[in-house]
Amino acid sequence: MPEADRELVSIRRFLKERLQRDYTTLRGYAKERSNVRLLLQRTAEMGESNSLLLLGPRGSGKTTLINSVLADLLPNKSFGENTLIVHLDGNLHTDDRVALKSITVQMQLENAADGKVFGSFAENLAFLLQCLKAGGKHSKSVIFILEEFDLFCAHHNQTLLYNLFDVSQSAQAPICVLGVTCRLDVIELLEKRVKSRFSHRQVFLFPSLRRFEDYVDLCRDLLSLPTGNSLLLAAEKIYNLQNIQSGALYFSRNHFDPGEYGFSPRLRDAWNKQICKVLATQQARSTLQALHDFDISEAYLKNFLFRLVAHLRPQSPHITAEKMAAVGSQFEGDDKIELLCGLSVLELCLIIAIKHHSQIYDRDSFNFEIIYARFSKFAKVSTTMQAVERSIVLKAFEHLRIAELIMPLTGGAGGGVGKVQKEFEMHKLALTYSQIHHCMQRYQALPTEVAQWAQSSLI
C-alpha cells in the first residue's frame, strides 16, 4: 500500500473512532460539571451522602458528563480506592429484584449474601452496605448511577428509589445517587414518601451550541488532527479508566485509545490547513447552517461528520465543500416529500385540492365531499381527469389517510359524535405548503395542467 494511502486509512480510522467511541470528552457545561464533580468528591473523601438528578434531552451529554467527571477523579488515589460505582439502567433492570441482584454482583458481595434470607428489600440493602464497612466507622463510598431514571419510577411501590434515597438522607452509609433522565417532569412521577427523601438537587443540561460560530468551531475541532502531546495526555487519561471497579460501566473498556495513533507534523499541518480552508467557504458554511437550524446538538453534528469521513477514498482523500453539501442533502431529506413524489397523479390532485381549500379557509377541516366538489371542477376542464369515477377518487382519498398525509379529527369541533359515514368524516391536512411546493418541483412527468392548477386555485 502506498504511503499516502496508509496515511489516509490512519486518519480516517482515527476520526471515525474519536467521533464514535469518545465517551469522556465533554465540551461546555463547566458549571454543571463542577457541581457533579464536587458532589462525588465530597461523597468519596468526606463520607457525605447526596442525591442529584441530571435532566436534559437525549444526546445533550448527560452520561458523557458523568463519564468525564469520573475520568478526572479516578487518578486521585483516595477516590479510586474508597469508591465503588454501581451502574443501573431502567431498560435492563425492569424490577427491583433484578436491580438488587445486579447491585450485589457489582459490589462483589455474592458470597456474603449467598444463602441469607432477608425479610425486606431495605434489610437486604442495609446488609450489603454494612459489608463495606472496614471494621470501624470508615466505609467505602458507593456511587449509584441510575440511567433512564424515569423507568425506575414505574417499579412497584418505588421500593428501590425509596431505600436508596432513605439511606442517602439518614447517613447510614456514604452513598451518592445520580439519576439520569430525559423527562423534565420526573419529580412528579415520584411517590410522596420518595419525594420527601430526595434532596431536590437538579442539574439541567441543554444543547450549548446556540451560536453558529461555536458550531463551526466544534466542527473544526472534531475534524482536526491533534498534536503528539495531546494524544499522550488523552491516552494517560484513558489508562486511568482501568481503575473503575465496576463491570457494568462498559465505556472504560470500549473507549478508543488515542495512544495507538501518531501523525507526522507535516501530515497534521497539511490536513488541518485543508479543514480550515474548507470550513471558510460559503458552501460549507451554508451546509453547516442548515444542520444548525435543524438540530444544534453535538450528537447530531457527530453523526453528520461520521458519514462525511466515511466517504474519504484514495481517489478523493480530502474533505471538500461539495462532499459536505452532498452528505448534508441526505440529512435535509424530508420523508413526507419522498412519500408525496410516490403518489399517483390522481392522489396528487386531491392533495392540491386540499391545499387550495386550506389556503382559502385558513386551514379549516374538510371531508371527502368538500374535496371531491373542488376536484370535480378541475376534472371538467382537465384532459387527464375527466373519466375518473367517484369510487376511485374515494379510494385515493382513503389512501391519503392511510399514508397519514391527512389526519381524521376524532371529536371536538367538526369531529361530530357517534358514527359518521366515511364521505362526511372531517379531516385536517398533515403537510406544510412548502412540502407540497417541493413535491411539485421534483415530481417526475407531472402533467402541465396539474402543475398550473397547483400554482393557482382559479380554474
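Using N, Cα and C of the backbone, Cβ positions are placed for all residues, glycine too.
Summarising the annotation, TrEMBL assigns ATP 1 binding site to Arg27, Arg58, Gly59, Gly61, Lys62, Thr63, Thr64, Cys182, Glu298, Lys302. The Mg(2+) 2 binding site annotation in TrEMBL covers Thr63, Glu147. The Mg(2+) 1 binding site annotation in TrEMBL covers Thr63. Sequence annotations record features per position, and here TrEMBL assigns ATP 2 binding site to Arg197. Among the features that TrEMBL reports, domain 'AAA+ ATPase' is placed at 48-208.
The number of other Cβ atoms within 10 Å of the Cβ belonging to Lys62 (ATP 1 binding site), over all protein chains shown, comes to 26. Shown are the binding-site residues Thr63, Thr64; the one with the most C-beta atoms within 10 angstroms of its own C-beta is Thr64. Per the record's binding annotation for ATP 1, residues Arg27, Arg58, Gly59, Gly61, Lys62, Thr63, Thr64, Cys182, Glu298, Lys302 show a top Cα-Cα distance of 20 Å. Glu147 (Mg(2+) 2 binding site) is 13 Å away from Gly59 (ATP 1 binding site) when you measure Cα to Cα. Cα-Cα distance from Thr64 (ATP 1 binding site) to Arg197 (ATP 2 binding site): 27 Å (rounded to the nearest whole number). In space, Thr63 is the closest of the binding-site residues Thr63, Glu147, Arg197 to Glu298 (ATP 1 binding site), judged by Cα positions.
Checked against Glu147 (Mg(2+) 2 binding site), the binding-site residues Arg27, Lys62, Arg197 differ in C-alpha distance, with Lys62 being the nearest. Rounded to a whole number, the C-alpha distance linking Arg197 (ATP 2 binding site) with Thr63 (Mg(2+) 2 binding site) is 24 angstrom.
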